[in-house]
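Features reported for this protein in Swiss-Prot:
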| type | residues | note |
| --- | --- | --- |
| SIGNAL | 1-18 | signal peptide |
| TOPO_DOM | 19-568 | topological domain 'Extracellular' |
| CARBOHYD | 128 | N-linked glycosylation site |
| CARBOHYD | 262 | N-linked glycosylation site |
| TRANSMEM | 569-589 | transmembrane segment |
| TOPO_DOM | 590-601 | topological domain 'Cytoplasmic' |
| TRANSMEM | 602-622 | transmembrane segment |
| TOPO_DOM | 623-637 | topological domain 'Extracellular' |
| TRANSMEM | 638-658 | transmembrane segment |
| TOPO_DOM | 659-680 | topological domain 'Cytoplasmic' |
| TRANSMEM | 681-701 | transmembrane segment |
| TOPO_DOM | 702-727 | topological domain 'Extracellular' |
| TRANSMEM | 728-748 | transmembrane segment |
| TOPO_DOM | 749-760 | topological domain 'Cytoplasmic' |
| TRANSMEM | 761-781 | transmembrane segment |
| TOPO_DOM | 782-789 | topological domain 'Extracellular' |
| TRANSMEM | 790-810 | transmembrane segment |
| TOPO_DOM | 811-845 | topological domain 'Cytoplasmic' |
């Protein structure tokens, strides 16, 4: 500890006195295998590349303390490898570190020097470089994606392993273009995925996306935009921020971009930018007084002092972003202090000059003249920078690959001819190595999968501190209780174009953005499958749903059930009708020899009553679950008994018409045809004709059992479907004709005084028939299909009750209450006298 304090004091005193250091001469060390290094030790404030007419040198005027710290991290790692007895025993790694000035024209010079033949400054031209031995075995760096895209293609031609500690563009994962490129940072794709998941977690789907106008910003912005669109996040505005050294005309576009963002409802801005472009954007936003926003930062500028120390940054809003995790290097600050202290020691500097003659500075220029005037205070702010570990780990990755290539063990590395870069490259693929207890592995595309911390800027005095508020390791975790916002009451900002739709609603997009929409209710039979649906999903045919539903329910099988109230009422009506039929039939049988029964047709009247009872019983075919047999039997078992009933009534009406309207000579002849066997023959013919119609109906247009999924909102209806209205009407044709003839034969008949008016009963019976079935047709055609069987049952029973009430029940009343009228003169009249004189008796035979 005392020695460390002494070294620190020496460094402070030496640097404070303004004495030049020899730190730049510590950027090179000889070894059995040398690693090249490309670091942004300085930057050029005004490169003037557009005015460059000769391939001369570019002067780096501004010093970058972070670049120097990353270079020292590589230097420290090489020295640790050399001091370890297990990784490369008996061998010594060297390093050769150069400044890139963050410019391609500067980075290409040391890149060419790395590929020069060992021991010279020349690159020889060969048809085959298999046996070629360049100055370095592998290259660490560069830091930026823009430089890595250039140097990566160059080194890939020679299959020179290159491990970057900061280039994150996803284009570098292309193995066909960059077969020798590796990196100890994750691809921008991982960071973009984390950003999109963060927006989803916090409910922000209406954002602005801005990137720097360089490879890092353009590629990152493109990745983020495609991933955001795939996740339903809409980008209201998208733009690029020019780099500071571009023309003032292009820099003026920043104001227009900020104006668009300020005029919109966007409360969240994703800034995928390099440090210098981010500083430019915030300088303009502070000047233009942009309303505070949430800024989702990319890793490149999240921890940048250049941005953090910008005056007015505390007023821009909330800043949060993802920072790659890494293992701590607690010895690194003291190592930096040691390097600075040694650089101020003249004896140490003299020893470097003796050990490293011929630095070839006449070829590449001074390595880092600004490094010889650095202060410890200037470097202290970046001592704990997160990317220091990435530069440190890159050395260990190359060392482990060399260990595997040389087949080293605990006792040493077997002697062999020098390893060439392409041989080392073979052992870099899918390499697993450990750094500070952390296991790392290059995947098939040269990337390492690193976890991220979600960091939030929390302002303390003039500079923000980084608070960890979450993590991303393939899945996002956010610690909401640790979040703090710029809004009043520390409420989470809302950045949505439209409100979230409720349950059972889908989005109807307005314009070009899927996040701007109206909420539309899902109608019955459809449902909302997910909150992001644009269309309601139709339920399956065996399912149903109410309005604004989020699921479908199974349909219940339904039909005209026995227990339904309407069916129970009709069954009571059926019992009444059957009871009346049985009472009337019993009275007619009991009084079968009476004039009343004989005048009504005798046995034919009983037959007609029995058929009327069968008509009533036919309604029992309609309730219950329909089947093929019940569907086929419904109409024939209704119409055949009805034909039998109406045919007997037709004979009764014909007798009344003949006896009342025709001359006696004709009446006697026709009366004999309407009685006895001839009458039964007419009944049989009518039944046969109706049976033929029923047979044709069943063959040509058979009713079918139908499972109808859509006629009821929540149930599936099973019913018998009539296939033709014409065939249904023809089934009624014979019965309608018999009823019409009955009505026609009795309507105009004048009853004789002192005789029973049978014509009136038949007239009203036929009126009941026609009123029932004429009313049935429009009602049946327009009623819901679920109620059609009920309507037909009601029509059948009303028709039967109408005939009973108007024709049969009055006669039953006479048989029960007015027996004195049950005489031949009242019912038979002249027929009774004629039968009495002929001695034929009063009974029909």
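Note that Cβ sites are derived from N, Cα and C of the backbone, with glycine treated the same way.
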Exercise. How about the transmembrane segment (569-589) and the transmembrane segment (638-658): do they have 3 or more C-beta pairs under 8 A, pairs 6 or more apart in sequence?
Worked result: no
Seminar exercise, completed: Rounded Cα distance, in Å, between residue 262 (N-linked glycosylation site) and residue 128 (N-linked glycosylation site) is 59
For this session: Average the pLDDT scores across the topological domain 'Cytoplasmic' (811-845) and report the rounded value.
Result: 54
Problem set entry | Per DSSP, three-state class assigned to residue 128 (N-linked glycosylation site) | coil
Problem set entry | DSSP residue counts for the topological domain 'Extracellular' (702-727), split into helix, strand and coil | 3 helix, 12 strand, 11 coil
Seminar exercise, completed: Between the glycosylation sites 128, 262, the one whose Cβ has the fewest other Cβ atoms within 10 Å is 128
Problem set entry | Counts of helix, strand and coil residues, the topological domain 'Extracellular' (782-789), according to DSSP | 6 helix, 0 strand, 2 coil
Exercise. Within the topological domain 'Cytoplasmic' (590-601), how many residues are helix, strand or coil going by DSSP?
Worked result: 6 helix, 0 strand, 6 coil
Seminar exercise, completed: Simplified to three states, DSSP reports residue 262 (N-linked glycosylation site) as helix
Problem set entry | Secondary structure content of the topological domain 'Extracellular' (623-637), with strand meaning DSSP E or B | 10 helix, 0 strand, 5 coil
For this session: Would you mind listing the long-range same-chain contacts of the topological domain 'Extracellular' (782-789), meaning Cβ under 8 Å and 6+ residues beyond its ends?
Result: 558, 560, 566, 622-623, 708, 711-712, 717, 719-721
